Amino acid sequence: MDWVTTLGQLMNTTLVFSTALIFGALGGIFSERSGVTNIGIEGLMTFGAFAAAVSTYFAQEAGMGAASPWIGIISALIMGVLASLIHALASITFKADQVVSGIVINFLATGSTLYMVKLIFHGDGETALLKNVFNKVAIPWLSKIPIIGEGLFNNYPTTYLAIILVFVAYFVLFKTSFGLRLRAVGEHPSAADTAGVNVKRMRYIGVMISGALAALGGATVTLTTTSTFAHNTISGQGFIAIAAMIFGKWNPLGAFGAAAFFGFSQAIRSYVTLFDWSKSIPTEFIYMLPYVLTIIVLVAAVGRSAAPSALGQHYDPGKR
Amino acid sequence: MNKIVKIFSGSIIVPLTAIVMGLLVGALIMLLGGYDPLLAYQSLFSQVFGNLYDLGETFREITPLVLTGLAVAFAFRAGLFNIGGEGQFIIGMTAATFVGIKITGLPMIIHAPLALIVGGICGGLWAAIAGYFKAKRGVNEVITTIMLNWTALYLANYIVRHFLLLKGQQRSENLQDSASISIQWLSELLGNARMHWGTLIAVLAAVFFYILLWKTKQGFELRAVGLNPHAAEYAGMNVGRNIIKSMFISGMFAGLAGAVQILGVFHYQSVMSGTPGIGFDGIAVALIGMNHPFGVLLGGFLFGSLTYGSAGMSFGAGVPPELIRIVIGSIIFFIATPGIVRYVLKPLYAKRKKEKVL
């Protein structure tokens, strides 16, 4: 195998593995930039993966063919927003500890999705295997470029969507007045309130966008990688997405870089067996690598995290 | 005893109501799914208390949950979120397995405690890594402990596969008999349920937690750092050192949880495909227990018996056992939002006040 093809494929696999993490990390950013900690990304992704699997299944049973996965995507979005409302209600309206209510989301997600899967599929712990999922789409002309043609322009529609959303998120957060308000609410809610921004409303919106994006991330796992939903479809991606968000300093571009890094280290697992020198490394160490590297990078370079300063705090107008 | 009552008197009504409301949510969801909630809860109850074997196994289920719950609660008290109970648990398991297999010729009275202690210390050191980076470099402990969870998983698999493997199997050899903390006579008494000294250790750990945090100068410092690190620093306390210490103690509890699972229940360690989940469940236990050591004992009891009982629910009433995670999630939800619980309790309070007037 020549190295040009290998490199292109490696880049391609990297992006495939990164997609769900990008969505999850972007979701985390919108919630946390508004000042609401969201440890429930994992659960929101689970809800999304579940909704996508079930509704795609029913859409294809109803004969919708290639449109079915898009139905799945839309229902994942709705499911994610609904689930995130639980988090918003508890942590914004009832002033529950935000970490706690995020954990609640994770518990409710694993419990209720499997409960419903067993109800719908007559006791099976897994949804039926989907026939209509996303296929890779080569972009004409661009996909002929060496390396990045294969790597970047021959991918799933959801991957394109994720990359576009990174830039959209960046633009929305840093170049629009909505983004300014959202960040203001997360940095200094009382100042924002004085300036006429409705703090609670902005935080609700932040959490709901977060739910939609995270659920989209979960949906991409079922609709591109597993084609089914089971208890282990989402196993830790949400937490890695949170790590990518912190790693990327709550900035969409940074989070994209971090997610790509995690995706790369996952993709590289299948390539180390190709070369003689790398075969001798125990697989466990290859698996460990991204996590150890993350710690090293954080300790060496990034240092103190740049979290929004009102993150995790309730807004109480009577408090100075 | 009076003291214990005093600790809880103010705060026990809200969690109790939350538990009832959580069970009601579960019942509602069962009704919506077309199941019989009364039969389901009955089956759950009889699975837990129905016979001596199940009662014993319930305590086996509860034990590690109490320890990982203590781990999370301890870190919370010191202002840290230890989401890495999972990794510390695995490291505790692996260290205990290693000592239990590789060290030979020791009498039981030394070997078993040694394996336990090494398991606890290694779990503590694993957590202290995150504490050290937090103290020295300000790295968020949430992200480091998450990363350390996966690192621990693969490290453990590496150690089992390369040093402890039982030929041709995806598991380690069996431990030396001298490293076991099983209680033979109690197991025989309870129909061969896997009883072990770890249960007693978990209770003692809760007492240790309580005494350390509320009866010693060191504990005062840890709590002060947790409540307000700036004020603590101004008062002359070394914030960094206290962060590392509290992570170490927190990790020690989780490490002990892993060690007792190996030394008391399995007596060998498998190659794992994913993290075991007991560390994450510890977060829920700590929350149900409101981060108080004795609350964690009750929280562990509730979580463990609900989880063990969920199997009975599935046999007895056909309800998917996952329902119990919805119940637990709802309980935590209601505990976290005392506003909702007080709203529900309002009529009750109003009544009581009237009685007083009369």
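Glycine is no exception: its Cβ is also placed from the backbone N, Cα and C atoms.
Features of the protein shown, as given by TrEMBL:
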TRANSMEM  B:12-35  transmembrane segment
TRANSMEM  B:62-83  transmembrane segment
TRANSMEM  B:90-110  transmembrane segment
TRANSMEM  B:116-135  transmembrane segment
TRANSMEM  B:142-160  transmembrane segment
TRANSMEM  B:195-213  transmembrane segment
TRANSMEM  B:247-266  transmembrane segment
TRANSMEM  B:272-289  transmembrane segment
TRANSMEM  B:296-317  transmembrane segment
TRANSMEM  B:323-345  transmembrane segment
Candidates B:62-83, B:90-110, B:116-135, B:296-317, B:323-345; stretch with most C-beta pairs under 8 Å toward the transmembrane segment (B:142-160): B:90-110
Cβ-Cβ under 8 Å with the transmembrane segment (B:272-289): same-chain residues at least 6 beyond its ends: 15, 64-73, 76, 83-90, 149-150, 153, 156-157, 254, 257, 261, 295-300, 302-303, 328, 331-332, 335-336
Non-local residues, at least 6 beyond the ends, that sit with Cβ under 8 Å of the transmembrane segment (B:90-110): 116, 118-123, 125-126, 149, 152-153, 155-156, 159-160, 163-164, 172-180, 254-259, 261-263, 267-269, 272, 275-276
Give the nonlocal contacts of the transmembrane segment (B:62-83) in its own chain as ranges (CB under 8 Å, at least six residues past its ends). 89, 127, 130-131, 134, 141-142, 145-146, 149, 196, 198-199, 201-203, 205-206, 209, 213, 222-223, 225-227, 229, 242-243, 246-247, 249-254, 256-258, 260-261, 264, 278-286, 289, 291-293, 295-297, 299-301, 303-305
Between B:12-35, B:195-213, B:247-266, B:296-317, who has the most Cβ pairs under 8 Å to the transmembrane segment (B:116-135)? B:247-266
For the transmembrane segment (B:195-213), give me same-chain residues lying six or more residues beyond its boundaries with a C-beta closer than 8 angstroms to one of its C-beta atoms, as numbers and ranges. 56, 59-60, 62-64, 66-67, 70, 73-74, 77, 112, 116, 180-183, 186-187, 219, 222-223, 249, 253, 256-257, 259-261, 263-265, 293-294, 296-297, 300
